[in-house]
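Data block below; observations after.
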Amino acid sequence: EAPHSSLGLLGISAGSLLLAVHFYSLPRATPLIPSTALGALLLILSSLLAYAGIWRSLRNASLFLSLCLTTSIFWCGYGVIFILGGQKVLHNAGDFHNALVPGLVTFSLALLLLAVVGFLCRDLILALVASALSLASAHEVALHYSTAVGSSAVACNYLIVCLVGGYFSLGRILYFLSKEKITLPGTDLAEKKTRDQLQASSGSVNHFAVTGLILNMLSASVFGCRLLGVTAQLLMGQVPWLWAAGIYQLGICLLSYRAMDVLMATFFGLTSILKLAGGYCLLYPLWQPEEPSFPAPFLVVFSILFGVLALFLALKSPVDALYLLLYVAYCVALACHPKGFFAGGPQGVDVAIFVASALMTLLHLYNGKAGAKIPTGKDAVRALLARGRFPKLREGAALHAPYLGYSKYADAEVLGYACSVLASFAITVPGDPQAPLATVVIPWVVVAGGILKLLSGSVAFARGKTLESCAFILYAVMWVIWGLTRYGGLHSTTRSFHAAVGIVAFMLFNGFIVFCTLFLNISWFFYSLTFFLITVSFLLDAIRALPAGYDIAATLIFGLVSFYCFLSALFNSIFEGSCLPVGRAIVQLSGVGGAAAKCPHLPARKASSVKRIADILKSGGTCGIPTDTVYVLVAACNRPDAVEKAHQSKRQAQDRPMSLWISSLKQLEPAKHLFTPLLWDFMEAAWPSPISLVVPRGEWVDILGMKDSAKYVGTPQSIAIRIPDCSVTTHLIDLVGPIAVTSANPTGEADTTHHNQVYAKLGDKVDAVLCDGPSPENVASTVVDCTKIDSGNIGFFRVGIIPKSQVLQILEQVQKK
């Protein structure tokens, strides 16, 4: 843990030193560090802090990740504004002040909240750094409005951060040089690690939610400051805050899926659309003098999605659900005002969002760190649901178990369907060829339909959902390309033919996806089928033959299907059972679909999964398991019926008999006298490894308790035996005893290198699969003929991952011994 903690605090100290030098030299005619160079350095440090915070947060939860990510966001927007000032994009000091103040106000409050919780939880180093950064931001705000506050006050606060960072570095150096004997107060990471791990194990908490709430504060501050008169106007210089908030919010959305929090991940994904759209709207002076207008239908649908999300979130956290209702009001306010973000009504809601986000940040920070919790109503809702006839809430460690195998991410289909609803309703606005950018459409189509669907497709791919991920990614590319082309005024009469050819190509790809969804479920079939209506709309518009009202009809059909899929995915992610069914596959094939009910797919990283596989093997089942090479099909040797089933399930050829695996030579110890000394020493030197040794068959087979299973393993003269170099496999053998092994594929086919392929190749002939993702190697083991080893000769039935030379070298060393 030390490198990432040290890297984060040293990065904050380095940035603070740069800013201290900048503010000390500010009264001079020319600053010591040019604005452009300072901005570029802050951007580099911002990326460094993001890395330190994210990497540390994946290991244990603490305030450290919130501090690193908050400072990273701050310096990202801050650095870009300094670059804009250095390049004279911000024309005067007033523009520079109006650009900086919203971000400074947000981070002075956010860092103050971090400092308060840090002091309450006795994390003094972090609290001192956060409080000094907060004071520096507050002093800089005062500096812009009063000449009585000197720039040296800001520099002094940044120097405090440097001193605290230096103290921490000194403590870590002494700890290292003294071999853990000298520890300065506040620098012992082992104590913090233990405390954080205990808190992390006490429940499933999304510690990234704090950063997401701070990002909501930042975007609300930009428009709220204009309403309250803190800034004189909305201008291009404030775009870095909004776009930094939007981009980081996309990252928080992805990390929330990593934290298995579907609802908050979906919420953060939807709010990122508003942030990126707000930044886009502030760029309007680049292409037109008037402020753009906003389409009402899209924003009404947006408010409905937020309302549904708040309803479901109320089942888990009523306080968070009330917070989401502010975004329902925000979207309604945007829909009621043609000028959207520039109108007073939405800006008033922004002020309310800023205050509520600050309170929610404090709540999440305290509950995530302190021992005593502030009640959020979660237990009351759970008790109410238990008394009524409501479906049971999904809970537990296996909440988001993927369809096949192990995944580090929760399901992102809820967000993917929501973005389909939003993007489809955005195209109800007809494009104006004379002023294509006068109405705000591009962010809704490109961000919602494109960027967020790409994110959903990536998460679906990580969960092993290949078809769903391909569909989401294809639709995302379609929305991005056509959104920019149609609503950015990029296509003209001469380009219509080329655009039409591209759309036809997309339609062919979508036809293939529609065909594949026949084997998935009914919901996906109609979802992909109705997307044809959207592509036809794009095609007709490209060739200037779009009938009046067709967009509205296509939007209603595709939007309603997407909305049903959105509700179904929400229900199925919150409740146990199928509340809103997605339907069965229209076409049923053996080995395609239905695996969840017939064949459990268990993550190999869990000891409970290995125990369950062992129980299945003991009861006479056959299982696919990972090894140090490729996946194999195994059965317990003391269950002849299971060994026979494994032998027949893959049409085992007579010239490729099953092999015998053990976990240790101690299992053969009672029969040691039946092996020659050279062969025993060779086995001892060669194992554990991906080397199978074919040894003469003898009485030792009966000692292993194989009984009637022996006729299916090996040949009448010999048996291939191995100890795998895989801790999961050897632990399983310790629980079950010796196992009979064969490759997890029909005879004559390629080796199986992923757990998804085991069921695909063997169908329902396998009772369970232990999943560990891709195989460490794509080549099988080396099979060595040791039947004539006493004469000094060995042969090779198969040269696999271990080359001949290495095996011969091992034999030579044993012979010399």
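Any Cβ shown, glycine's included, is placed from N, Cα and C.
Annotated features in TrEMBL:
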{"type": "TRANSMEM", "residues": "7-26", "note": "transmembrane segment"}
{"type": "TRANSMEM", "residues": "63-84", "note": "transmembrane segment"}
{"type": "TRANSMEM", "residues": "96-117", "note": "transmembrane segment"}
{"type": "TRANSMEM", "residues": "158-177", "note": "transmembrane segment"}
{"type": "TRANSMEM", "residues": "241-260", "note": "transmembrane segment"}
{"type": "TRANSMEM", "residues": "267-287", "note": "transmembrane segment"}
{"type": "TRANSMEM", "residues": "293-315", "note": "transmembrane segment"}
{"type": "TRANSMEM", "residues": "322-342", "note": "transmembrane segment"}
{"type": "TRANSMEM", "residues": "348-366", "note": "transmembrane segment"}
{"type": "TRANSMEM", "residues": "414-431", "note": "transmembrane segment"}
{"type": "TRANSMEM", "residues": "497-520", "note": "transmembrane segment"}
{"type": "TRANSMEM", "residues": "525-546", "note": "transmembrane segment"}
{"type": "DOMAIN", "residues": "607-802", "note": "domain 'YrdC-like'"}
(request) Might you confirm whether the transmembrane segment (267-287) is in contact with the transmembrane segment (322-342), defined here as three or more C-beta pairs under 8 A between residues 6 or more apart in sequence? (result) yes
(request) For the transmembrane segment (267-287) and the transmembrane segment (348-366), decide whether they are in contact, meaning at least 3 CB pairs lie under 8 A, counting pairs 6 or more apart in sequence. (result) no
(message) Cβ pairs under 8 Å only, please: of the recorded stretches 7-26, 241-260, 293-315, 348-366, 414-431, which one is richest in them relative to the transmembrane segment (96-117)?
(response) 348-366
(message) Within the same chain, where does the transmembrane segment (293-315) have neighbours whose Cβ lies under 8 angstroms from its own Cβ atoms, ignoring anything closer than 6 residues to its ends? I mean 6 or more beyond.
(response) 263-264, 266-267, 270, 321-322, 324-325, 327-328, 331-332, 334-335, 337-341, 381, 385, 393, 418, 421-422, 425-426, 428-429, 438-441, 444, 559, 566-567, 570, 574
(message) For the domain 'YrdC-like' (607-802), what's the mean pLDDT in this predicted model?
(response) 85
(message) Given a Cβ distance threshold of under 8 angstroms, which distant residues of the chain, six or more beyond its ends, lie next to the transmembrane segment (63-84)?
(response) 5, 8, 11-12, 15, 35-36, 38-43, 45-47, 49-50, 52-54, 56-57, 90, 96, 99-100, 103, 107, 110-111, 114, 117-118, 121, 123, 126, 129-130, 133, 137, 207-208, 210-211, 214-215, 218, 237, 240-241, 244-245, 248, 365, 369
